[in-house]
Amino acid sequence: MGGAAAGTKWIHHIQRLSAAKVSAEAVERGQSRVIDASLTLIRERAKLKAELLRALGGVKASASLLGVPLGHNSSFLQGPAFAPPRIREAIWCGSTNSSTEEGKELNDPRVLTDVGDVPIQEIRDCGVEDDRLMHVISESVKTVMEEEPLRPLVLGGDHSISYPVVRAVSEKLGGPVDILHLDAHPDIYDCFEGNTYSHASSFARIMEGGYARRLLQVGLRSITKEGRDQGKRFGVEQYEMRTFSKDREKLENLKLGDGVKGVYVSVDVDCLDPAFAPGVSHIEPGGLSFRDVLNILQNLQGDVVAADVVEFNPQRDTVDGMTAMVAAKLVRELTAKISK
Ligand SMILES: NC(=[NH2+])NCCC[C@H](N)C(=O)O
Ligand SMILES: [Mn+2]
Ligand SMILES: [Mn+2]
């Protein structure tokens, strides 16, 4: 990946050249200032928008977009780092309109607002490592949740971001949530290619952390023995595509979140058959149709407290941006689900 990511080495270079003059503490202080500044912009935008909604009154929950342009924890391609602006562009594309299928108005800030992106590449460019970066993502999510009635609708990014996002949601609400996870892959390896933050391991981290009571994985069709073993170990409810016709009735009538803090929905765009969504890193035939996914989401009963749409890779999309539109429509319909 080009741009800022290539620049993460400059800081080590300077340190090598002048070890005595640039102390680790000075670097750390500078990094903290950059992180604070990044969080401040998100906080102030969330505050402004939420204050207006509170002044208006009568809004219980409003979806708020938070972009997390992170791609370096992918085990394959890093293009998902470039997804959030492409998804936003497609949400507001003139080829469609601002109404969701059931008639909610996306232009209405009581339904949808936007607090911008976490500046992932800019923070990494300052030499910030993943432990800390993941905490910045968690802090950003908590910052949005701090401002009622905003609820985070996160634009990925590769799937590694779901771990810091769900951690923040659960910590902020003070208990576990139920998770509906749509994906071709279970992303539950204990560790993938040496990276515990890998996009293929995020749900192992979530389950270890105790952030989910139930985890339902739907759309699976690329699962290894470790994926199944880890699923059993954590009590995951894994629904595979090979039995989807049998499971359909149940999955299109889910009721989740009772007795816990709510429902979290994580949509990996590769849950869809690549015929519907070619712009993903991991092309895996035999997936869900777009209408299957909408049926599952629109009929879901439960209080959706936050959600993410991840793994859209604009670098693999068709020239007309078909998958951007698919990701955008997922975001639009999740917005309808969240807002009330
Ligand atoms: N978040 C994702 N798209 N994960 C894909 C993981 C792919 C990985 N090669 C596996 O075997 O599972
Ligand atoms: Mn995934
Ligand atoms: Mn996947």
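Note: Cβ is positioned from N, Cα and C throughout, glycine not excepted.
Non-local neighbourhood of D270 (Mn(2+) binding site): D183, A184, H185, A277, V280, S281, H282, I283, E284, G287, E311, each in the same chain, at least six residues away, with C-beta under 8 Å from its C-beta. Taken from TrEMBL, the feature Mn(2+) binding site covers H159, D183, H185, D187, D268, D270.
Each residue in H181, A184, P186, H199, A200, C271, H282, V310, E311 lies on the same chain as H159, D183, H185, D187, D268, D270 and has a C-beta within 8 Å of the C-beta centroid of that Mn(2+) site, without being one of the site residues. Of the listed binding-site residues, namely H159, H185, the sparsest CB environment within 10 A is found at H185.
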